[in-house]
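Taking it in order: structure first as structure tokens, then the write-up.
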Amino acid sequence: MNISETYVRYRRSLGEEPLAIGVVLVALWMAWTLVSGLATGGIRVSSLASLVWDGLLRGLIIGLAGIGLSMTYSILNFANFAHGDYLTSGAFAGMATSYLIAGIGENSVGALLLVGAGGSVFGGAIGIGVTTSPVAVALGAIVAGASTIALALAIDRFVYKPIRDESGIALLITSIGVAFALRYLIQFVFGAGVRGTTAAGSVPRVNVPALDGTFRITAHDVSLIVVAGGLMLGVHLLLQRTKLGKAMRAMSDNEDLARITGIPTEQVIRTTWIVGAGLTGVAGYMFVLWKGTLGFNDGWLLLLLVFAAVILGGIGSIYGAIGGGIVIGLTASVSVIWIPSEFGRAAAFMVMIVILLFKPSGIFSGRTTA
Amino acid sequence: MSESDDTTADGSASTDEPLEDTPTENGSEPVEDGSPSDVGSTNENSTDESPETPAGDSMTIEDGSMTPEGGSPEDADVPTGSTPLEVEGLRKTFGGIVAVDDVSFDVEAGTLTGLIGPNGAGKSTTFNLITGMLEPDAGTVRFNGEEITGLEPHEIANQGLARTFQIARELEEMTVLENMMLAPKGQIGESLWRSVMPITREAVREQETEQLDRVWEVLEFFEIDHLADEYAGNLSGGQRKLLEMARALLTDPDMLLLDEPFAGVNPSLEKRLLEHIHELREEGYTFLIVEHDMDLIMNNCERVIVMHQGRVLKDGTPAEIKESEEVIEAYLGGEV
Amino acid sequence: MSDETDADAVDVRGRIDRLLDGDATLVLAVLGAIYLAYVLAGVAFGYGLRGQLNSIANLTFYIGVFGMLALALNLHWGYTGLFNIGIVGFMGIGVYVTALVSKPPVAQGGAAQVGGFGLPLGVGVVAGVVVAALFGLLVALPALRLRADYLAIVTVAFSEIVRFTMMSRTFQSYTVPDTIDLTVAGVQLFSFDPAADTVGLGGGGGLILNYPDPLEALLRTLFLWEPYLGFVGFVQRTLISNNPKPVIDGLVYGLLLLVGVGLFYLLLSRVGKSPFGRVLKAIREDEDVANALGKDTDRFKLTAFVLGSALMGLGGILWYSSRGSITPPSFRPNITFFIWIALIIGGAGSNTGSFLGGAIFAGLLYEGPRYMKNLIETAFELGDAPGNFGTAVAPMASLDPVPFVLYTLDSVSQLRLVIMGVVLVWLMHNRPEGLLGHRKETASSVDLSRPGGRDANDAAAADGGEKR
């Protein structure tokens, strides 16, 4: 009651109209620029298609990582700022596995396990790629998920569980501590350098015609779609078909009910971490495979976009996180039509801020996210 | 300014009334002991010293009356029998569920009016609509003749309509004194620059010193002065209720809306709280009290408004309410 | 319940409060302990006088900046409950604006470096603070209505947008026209001949701060420059014969920062101990209650946020403007994280605690590990550290820990952050209120004890309520 009261009061005092008019004007200007650009040839259809394709894939990664963040946000009731570094951990663990499998025999095990720290091994040289080393990639993705689950459960046991009853803010601050410890531990072990991870040149690709040119689809694009789509479908089935899934869905769908039924049981929390962290780890691995580079800061750089997606989709909504991820991914990519490319991510942040101001419950859900 | 309303209320419901007005006055004697003489003089001095203080008069005590707030309701210029609060056609829905439906009532000046009803009858929502915490879908609220519908809570509070919350909401990590010092209106030190600049800070200090006298008086009146340095979070439920009412009084209101002031309060404290309320009403304050303890309201209020399922079911004297079959039915047949 | 025990408890508590109220004593004790530890460690490892003075200057610098910034954050979080994790954005805005305003102009078509407007440094500092405040307003106007966790996300996103802007090629360099005319309806309103030729944020390469040294500029303004040079000459003749000026500069700048901390403290404790600060505290505790008591909470939050942002801008200026250059990577969210830990160590809500937290953080967590590393490297002749974790760990198999130790020492800058993260988690588990967070720093400009000093226990006798 209190929260909804406050919320209503805020909504009322927001003075929404001038801002709303501003948003509409910006949208009109964008539409005009795009249409006139396409008409005059200032914007090529093929480059637009390429941007959309890129944004879609980026969005799938954000959405996949966002499912976990959204679940922990709503069930454990705090914004986990370490989520991005879970993603990085998964990427490193998975890549280490892939390196080991693909490169064993010709290189030292240490160098492979450290994902070529300090330039000792190069992913391109050992031929990492979904077609060149399919087993290494498949096992890498599995290990990425599994190790992130183990990490998340261990951190929950020793860090979050003892302060489960504290406020969401205390947990948020704690998660910032976890984030930095994890990130710089990764840097300590794997080094600060950003390394190339795939044999980018040997990844099969097709050029898809698009009116005035072509845009490129690679095998890694396709594998990302397959993995992300498969996992999203899996989560959907888990939530719809299993008893545990239904309990989780109920909990994130209806917080009031959750509050009445008491603090979620440890079993549900554990499942939440397992599902969320597993998806996040795989997302991290697929991200790194797809973009072809890996650095200790990758997860942090993606985190705010993941937050943006989760907020856009409505905290607690899994489908919202997926949809929000795609919208945010598209925003970050396609916005370069209107603004300098350095501000792609900034544009995604602005979308998030605007959503927070106008519809903090998210665009894909009708309920409030108290 | 004891009004004729008292007698009607007493007359109709005096038989089973545990607390009468006369013993109440005696009950507050501990306050009288120390305060009147020196308090009166400090206040005269201080009002002279700071003419720029907008809230200067709120701190004045005209006569050495037993309650420290003697001054304020008299300032309000509300003639006896007038209706400071007029609610008309209030309506509020939450996601399709009608919480408050076409609620209208008036509250007469200087009276103790009860608002009762079973759980979920819409009492607290009505309170929130009146005090600006929620915005009504339809209807108007007028206070002292001015429309206050849709104003911010702080604007409404500044017009002299103070409220307490159903679950006492103390500022837990602030001491009782800080809680109290927060309340008075027109504090010049609430401007950042006046608080910081050396020249103006002196005036801020002066005003705070004046305010402090009144704060201590009210603390003594409610007999929680021994807790002054405690964190509000360390107080018992009953003490919190006292603090909350004391704090609301310091905003210098004409009228107080009390949301379940007796919930979670032990019987002896409840008695004291009632005494305080009666005393303050005698001073001219107007009260609207939400409560679901029927007996308590029946025995203490001049007028009772019964709500049921978001509507006003019955509005009358306790005697009338008791005889109303609708009310009996609502309470017996409803979700008590 | 006996009133005597109650009174006794109050009395004991009062005594503890008074003890702790010796804030000056506490601050001096903590500072003394930190400095002593540094000096003793330096002596133990055989540091020379110059090295000692340098490390003290360095330590003082970080105590100063972290103290200031923790105090500013305390206004946001400790007092008002505004969860700002975009501190570094305001710092960056402050110092970038100062640089733009005060950097000397460069000739058009000259070096790739961008120039500035060439105004005096004082003007630059004021401009930096004002612009930081304006951005505070820009963020606050919409964002203050948000829940704490949403505000956190918005502010950190803001600080990242600031950093993207610094790095952006779009804002890297602009050519300023020779004259700027403002003509309306044929009437020339004003004509301005800007000194600058190119201005900009410098992109990824950052900005070279080629304005006069801030310390020199300040001392010249105060007509103390000549005496200062005389003092440096005296030190050169007596104590340090080899170019003592950088060492003395560092020490004096550190001292000035401590004076700055004092001013921050004075300002913020005045803010805290006032009706204004009281409303801020009330907003932190329960905004609806403050609103129901007639306080326009939006206005208070806005004012507090803008003031805090301005102070963060100033903190950023004092931190970076004495550096030779500024680059965007300095303004990553790490700095924000540092300041938060400092505040949580000291205790949110207490101004004295904020400064102590800043000092302890600077001394132990920020400078401590690096200082130890320098000491060890000076004391022992160590070989080169291995290039990566693998070559560091591998010799462990043959029981040779030396490469690993060397690698650890070499990575101390990163390991610090691991330690800080662990410390933050530990604090949140064991002492979330910090050293002084739970202490009563009464929000009032006057002593709130009973006027006339009547005995509190008389009235207590009448109390019927029970304590929880």
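Keep in mind that glycine also has a Cβ here, set from the backbone N, Cα and C atoms.
TrEMBL has this to say about the protein:
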| type | residues | note |
| --- | --- | --- |
| TRANSMEM | A:20-43 | transmembrane segment |
| TRANSMEM | A:55-74 | transmembrane segment |
| TRANSMEM | A:111-130 | transmembrane segment |
| TRANSMEM | A:136-155 | transmembrane segment |
| TRANSMEM | A:167-186 | transmembrane segment |
| TRANSMEM | A:222-239 | transmembrane segment |
| TRANSMEM | A:268-288 | transmembrane segment |
| TRANSMEM | A:300-331 | transmembrane segment |
| TRANSMEM | A:343-364 | transmembrane segment |
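In summary, the transmembrane segment (A:136-155) lies against the transmembrane segment (A:268-288): three or more C-beta pairs, each 6 or more positions apart in sequence, are under 8 Å. For the transmembrane segment (A:268-288), the partner stretch with the highest count of Cβ pairs under 8 angstroms, out of A:20-43, A:55-74, A:111-130, A:300-331, A:343-364, is A:55-74.
Listed by sequence, the residues of this chain that lie at least six past the ends of the transmembrane segment (A:167-186) yet keep a Cβ under 8 A from its Cβ atoms are 76-86, 88-89, 92, 155, 159-160, 296-297, 299-300. Contact counts against the transmembrane segment (A:55-74), taken as Cβ pairs under 8 Å, peak for A:222-239 among the stretches A:20-43, A:111-130, A:222-239, A:343-364. For the transmembrane segment (A:343-364), the most Cβ-contacting stretch among A:20-43, A:111-130, A:222-239, A:300-331 is A:300-331 (pairs under 8 Å). Residues 52, 55-67, 69-71, 73-75, 79, 81, 83-85, 87-88, 179, 183, 232, 235-236, 239, 252-253, 255, 287, 344-345, 347-349, 351-352, 355-356, 360-365, 367, 369 of the same chain sit 6 or more residues outside the transmembrane segment (A:300-331) yet have a Cβ under 8 Å from a Cβ within it. Residues 92, 95-96, 98-100, 102-104, 136-137, 189-191, 193, 195-203, 219-220, 223, 289, 292, 294 of the same chain sit 6 or more residues outside the transmembrane segment (A:111-130) yet have a Cβ under 8 Å from a Cβ within it. Tertiary neighbourhood of the transmembrane segment (A:222-239): same-chain residues 57, 60-61, 63-64, 67, 130, 137, 141, 245-246, 248-249, 275, 279, 282-283, 286, 289-290, 318-319, 322, selected by CB-CB distance under 8 Å and a gap of 6+ residues from either end.
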